[in-house]
Amino acid sequence: MGSPYDDAIDMCRDFHDAYCELYRVKTTDGEEINRIFNHIKYTLIERYKVPPAAIISKISNCISIYNNRYLNSYWSLIKKIYDDSKCEIYDISTEFDFFFYKEYGFVFNSETENWIKHFERKRLSPNMHDADPMFRAIMNDDLKIFIDLSEKSSFHPNISIRLTLYPSNDGREYSLLELCSYHGAASCFKFLRSKYNSLITQTCLRFSFLGGNPEIISECLKKIRPKEKCMEYAIISHNIDFITFLMNEYNLIINLDHCILHNNIQAFLVYLDQTKDINSCLVASPAFNLPPLVEHLISKCNDINATNIDGKMALHIATECGSMKTIKILISHGADVNAKDMNGRTALHIASRKNYDKIAKFLVSHNADVNLKDKNGKSALYYAIMSNYKEIAKILIAHGSNFDEKNGEGKNFLHIALEHYQAEISNFLINHGVDINQKDNNGYSPLHYIAASNSMHSVMELLISKGADINAQDNNGKTSLHLAASKEHSIIVEYLITNMADLNLKDYSGKTPLHYAAMNEITNSLKLIISHGADLNSKDNMGKVALHYAVLNNRKNAAELLILHGININETDNIGKTALHYAVVNNNIGLVELIASNKADVNLTDNYGKTALHYAAAKQNQEIVKFLILHDADITIRDFYRKTASNYAKKANLFNF
């Protein structure tokens with residue numbers, strides 16, 4: 001029997017070999033690229049069920065960036081994978097999406113369209129550095145061409161360059177020596193060092209593990225001590241000699257997250273062999289989606305519920321990765337199905353957030369508590385509803401999830417679904433008995449949410465058909481009709497009215513829906529409300545009718561409609577003002593003309609004894625003063641201060657016309 005490392009690597013050998021070959025592409029030969037594709041297809045896609053889109057994303061966003069000399073080869077692999085699978089790609093770099101545009105005439109991400117002209121100007125191509133002989137000489141380590149270029153007057157040995165399709169350099173540009181390190185260009189590297197004494201940087205050392213040239217690595221190590229990032233680049237290189245060298249000579253620790261991110265199962269197992277930290281390896285192992293590996297580690301560990309620094313155990317990781325086989329293995333060996341991570345989330349929370357309905361069903365069938373809440377007070381059902389995951393919601397509700405519970409804002413799950421415009425899930429909740437009249441902390445019922453949003457009309461119809469209180473009032477006394485009437489929501493207004501919404505119900509300020517439609521000049525809603533018999537002369541707590549508010553807000557069309565349908569044009573509010581008073585105060589000659597021309601009493605006085613003419617004079621508005629006098633305004637009326645309108649005129653000639 002071999003060592004634990006040997007046993008584990010043997011069971012993962014084909015997985016390791018496939019990813020190793022993918023990360024270490026060193027060919028441009030068409031037949032060789034086709035062989036690599038077939039290896040990836042058979043091993044990763046068909047045997048280990050790695051989604052083709054995931055491999056394309058990994059190549060475009062990661063692998064090719066660390067080995068860009070063979071960018072064209074990676075592009076060929078991506079095309080072969082795409083042509084074979086026709087998969088939908090949700091995560092692709094902007095550069096590779098541009099290549100898709102040039103090859104296939106479309107992009108996967110609409111944001112790429114904003115970059116097309118930029119990339120075309122830059123002549124971006126999978127053929128790296130075709131347009132720049134200096135960078136191409138470095139990439140090919142062509143010392144003769146590089147020396148020839150360096151002898152030109154335009155050459156600057158300390159130039160800094162910003163390039164795409166290279167790894168991040170902590171926000172800095174790249175030096176020529178760093179590019180030599182990246183490409184393993186030992187001859188060009190030594191030339192720059194000997195002739196120009198180019199500075200060896202931490203980036204040179206990091207990149208040297210990608211370039212893989214022992215001479216460059218050795219020269220860099222004479223000047224720079226390696227740090228954690230060097231180990232990550234060694235892991236990316238899939239060169240186990242570099243990894244063990246850094247472990248043994250510099251005591252650098254393998255980061256398991258880096259092993260997973262860069263698909264390096266061998267480095268992962270070297271960590272296990274060196275540290276014997278079986279629990280940490282078990283927790284992380286499901287991310288590789290290799291159930292036999294997980295089972296192997298379970299046989300060696302003493303705590304199947306061990307956690308990582310984030311409080312996650314293997315079951316959490318397996319659920320995040322959607323690995324049903326691994327989940328079954330873990331639960332069969334006693335994994336705690338209700339254990340929480342540092343955020344208070346269980347595996348069921350994670351399955352709900354990821355829309356893994358089959359996993360959710362399996363978890364609840366193995367006693368997952370559907371009502372457990374995370375640190376934010378959210379249950380698994382909350383996440384299903386937020387994302388409109390109907391199947392998950394069905395499973396959770398069928399297993400006793402409490403959909404009527406309120407959150408801190410007093411909202412139940414129907415409120416939340418409506419707030420996020422989730423019509424399908426809202427209908428589902430209504431049909432399964434959610435409290436359709438429950439109010440949140442603002443007094444909003446589900447109907448209020450629909451009226452305010454002007455959407456989900458089918459949900460409104462279902463609510464009303466199920467007996468929702470159409471006249472329910474919020475904390476301000478507003479009904480759904482008040483809310484709909486104050487906005488351009490005429491379809492909802494009409495539906496509410498035809499279903500017996502009270503047109504004349506007042507909110508706590510005394511306003512009816514008509515008041516709000518008038519003050520906001522919602523013409524269609526105004527017509528509907530008036531045509532269905534609303535009381536035009538209903539007053540609010542300040543004694544104002546709808547016409548007062550139309551005028552106060554300079555809504556001429558609304559005022560015209562109200563006058564046309566017979567509103568009392570001389571109605572006064574609690575301080576005795578008519579609509580005409582307010583039209584004058586607002587200096588709105590158009591409204592003054594409209595009101596006065598429709599038999600308004602221009603000489604009515606308010607509680608201060610003032611007529612409209614008094615206010616026009618105080619406003620120094622000669623146009624309105626003239627209009628009112630021509631319409632029989634009495635210039636002799638005195639207010640409670642014994643003043644006539646002319647006494648308020650600051651300009652001596654205001655009445656001279």
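Including glycine, each Cβ sits where the backbone N, Cα and C put it.
As the structure is a computational prediction, the values presented were derived from the model and not from experiment.
Residues or ranges marked as domain 'DUF3447' in TrEMBL: 196-271.
Averaged over the repeat 'ANK' (310-342), the predicted model has a pLDDT of 97. Residues annotated as repeat 'ANK' in TrEMBL: 310-342 (among others).
Only residues 6 or more beyond the boundaries of the repeat 'ANK' (343-375), in the same chain, are considered here, and those with a CB under 8 A from a CB of the stretch are 310-311, 315-316, 318-320, 322, 324, 327-328, 331, 337, 381, 383-384, 387, 389, 391-392, 395-396, 399-402. What TrEMBL lists as repeat 'ANK' is 343-375 (among others).
Under the heading repeat 'ANK', TrEMBL lists 376-408 (among others).
Annotation comment: TrEMBL describes 409-441 (among others) as repeat 'ANK'. Long-range Cβ contacts of the repeat 'ANK' (409-441) within its own chain (Cβ-Cβ under 8 Å, at least 6 residues beyond either end) map to 381-382, 384-386, 388-390, 393-394, 397, 403, 449-450, 453, 455-456, 458-459, 462-463, 466-469, 472, 474.
The repeat 'ANK' annotation in TrEMBL covers 442-475 (among others).
Annotated repeat 'ANK' per TrEMBL: 476-508 (among others), in sequence order. Across the repeat 'ANK' (476-508), the DSSP tally of helix, strand and coil residues reads 15 helix, 0 strand, 18 coil.
Annotation comment: TrEMBL describes 509-541 (among others) as repeat 'ANK'. In the repeat 'ANK' (509-541), the DSSP tally of helix, strand and coil residues is 16 helix, 0 strand, 17 coil.
The repeat 'ANK' annotation in TrEMBL covers 542-574 (among others). Long-range Cβ contacts of the repeat 'ANK' (542-574) within its own chain (Cβ-Cβ under 8 Å, at least 6 residues beyond either end) map to 509-510, 512, 514-515, 517-521, 523, 526-527, 530, 536, 580, 582-583, 586, 588, 590-591, 594-595, 598-601, 604, 606.
The feature repeat 'ANK' is assigned by TrEMBL to 575-607 (among others). Long-range contacts of the repeat 'ANK' (575-607) within the same chain: residues 543, 547-548, 550-552, 554, 556, 559-560, 563, 569, 613, 615-616, 619, 621, 623-624, 627-628, 631-634, 637, 639, each at least 6 residues beyond the stretch ends and with a Cβ under 8 Å from a Cβ of the stretch.
For the repeat 'ANK' (608-640), the number of residues in each DSSP class (helix H, G, I; strand E, B; coil) is 16 helix, 0 strand, 17 coil. Taken from TrEMBL, the feature repeat 'ANK' covers 608-640 (among others).
The list of residues near the repeat 'ANK' (476-508) in space but at least 6 beyond its ends in sequence, with Cβ under 8 angstroms from a Cβ of it, reads 443, 445, 447-448, 450-452, 454, 457, 460-461, 464, 470, 514, 516-517, 519-520, 522, 524-525, 528-529, 532-535, 538, 540. Long-range contacts of the repeat 'ANK' (442-475) within the same chain: residues 410, 414-415, 418-419, 421, 423, 426-427, 430-431, 436, 481, 483-484, 487-489, 491-492, 495-496, 499-502, 505, 507, each at least 6 residues beyond the stretch ends and with a Cβ under 8 Å from a Cβ of the stretch.
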